[in-house]
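Taken verbatim from TrEMBL:
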TRANSMEM  255-276  transmembrane segment
DOMAIN    266-513  domain 'G-protein coupled receptors family 1 profile'
TRANSMEM  288-310  transmembrane segment
TRANSMEM  330-352  transmembrane segment
TRANSMEM  373-396  transmembrane segment
TRANSMEM  416-441  transmembrane segment
TRANSMEM  462-484  transmembrane segment
TRANSMEM  496-516  transmembrane segment
Amino acid sequence: DSISRIQTQAFLSLHTVSQIFVHNINSLQFIEKGAFTDLPKLDYLSISNTGLIHFPDFTTLSSLAPRLILDMADNIWIHIIPANSFQGISKESVDMNLVKNGFKEIQAYAFNGTNINSLDVSSTSLIALPHRGLGQMKELIATSAYALKTLPPLKGLSELLQTAELTYPSHCCAFHTWRRKHRESLFKNMSKLCDLIEIEIEPTADGDSSINDINFQYADLELGCSNSPYIKCTPKPDAFNPCEDLLGFSFLRCLSWIITIFAITGNLAVLLILLISHHKLTISRFLMCNLAFADLCMGLYLMLIAFMDIHSRHEYYNHATDWQTGPGCGIAGFLTVFASELSVYTLTVISLERWHTITNAMHVNKRLKMPHVATMMGAGWVFSLLVALLPLAGVSSYSKVSICLPMDIETLGSQVYVVAVLIVNVIAFIVVCYCYICIYISVHNPEHSTRNGDTKIAKRMAILIFTDFLCMAPISFFAISAALKMPLITVSHSKILLILFYPINSLCNPFLYTIFTRAFRKDVCMLLGRCGCCPTKADYYRSQTIPSHMSNIQKTAKSKSSSLSFYAYHLKMKNCFLHRGTT
């Protein structure tokens, strides 16, 4: 264990040696150039569990064995395989088992001049494989190579490749896609020629056919008409990672951009107008700001998905691992879960606030105040942040599927998390239904007196919120069935559901709740009027605001006057009663 280096010509011209083992020498740091020289019968070389810090030089080995096996394992201090490292190692095929090493990089032309039969780089930190030198390879093994997220161009990799054992299912999609394109290309270019061969070649009188002669003369034509090469690849794509683009369908790509643009612009407009407006921040405005912010986050999620879909179009397999295991998918997943839960929570608070206001219309002192609503929304923010952060902390995962939703239910904790979130959303829907049933009963009951403004708002919001939750109903249904491990639709089909229904609230809410209302149009015109635009309409709305304000003052004064009169009468009657009691 005291050997620190193997010197030049240490294994020189050992013509009868067929196997060399260099094992368990932790002090060995260097193997000098030319240490393995002129070893014509060497068919097995193993260098394992050493302290080497540089990749050995094999250029002078010159094996003539029909098959050379190079076995290097557990050399954790070797990080780079330099160019031309194997040139001259053998004139025949080589099997390279380079497992459990510290390799982080294989430089270009590292396999130059080498006929590689099989390559095993399992349990290494390699980021990429070289683009050249792998054309003759028949077997590629790269299991537990988690840093290897992209493959080299398949044109130079899959000519003779028969078996591939990889780390990520998306890489197998690359071979399936290449095989399909190869088959389509051959079919397009050769189908007519193949049909001609079948028609024109007929058996002779003695029953023989001249097909063999034609195959001999046109060997390349026979190859073109044959089946495209089949590559056995593992792990195979599963239901969560099918071989398709991120969004899968072309019409989804168009719809996602339409929804994204309207969701972002609409909610940004609502936030800007409500926050810039000089009007007092009422409870309704405060809740609408929270709803618009939640829906804006959903729009940002859709924008991330849409951009990634364009970036990886037609070759998502080469981006899938980087996307799903990287920060991009984590951010997208956090945004969508946070936005979804905050939106549902805000809609629930809006329903409760309307119900409480309508049912207590005659009791002004019982109405909700801004501090109460702010506290409720603060709790909603904490809840939404917690739910969105749990998958980042290991409870379920955003990396299970390409659209970055927490669909991982492998563990009991993950399954409980997904089911609990869905049940909370269902409970929120039930609460909203209950609130608006009570509101309609109150509005249509002649014994209850309500303000006309509250009645109109209640009717409008009832329609809007029911529409929102009806859009979420199919998602909740299919998601709960999938969370209970009884999926009714595939991930590919669920993308249609999620793009069409999941973000529809973010698209509709800003328009139906705010932009299409008269109050919002008034705020916009008055804001434009301050900038010198639309002065006529701005003056009109100002003229409408002053009488309304004076009317409110008169109502308040009248109310105060009435209250004072009642108070004075009460004191007078009390004094009268006391006077009679004393006499």
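Every residue gets a Cβ built from N, Cα and C, even glycine.
When Cβ distances are compared across the two stretches, the transmembrane segment (288-310) makes no contact with the transmembrane segment (416-441), since fewer than 3 pairs at least 6 residues apart fall below 8 angstroms. Within its own chain, the transmembrane segment (255-276) has Cβ neighbours under 8 Å at 247, 285, 288-289, 292-293, 295-296, 298-300, 302-303, 305-306, 309, 499-500, 503-504, 506-507, 509-511, 513-515, 520, 523-524, 527, counting only residues six or more beyond its boundaries. Across 330-352, 416-441, 496-516, stretch 330-352 shows the highest tally of CB pairs under 8 A with the transmembrane segment (373-396).
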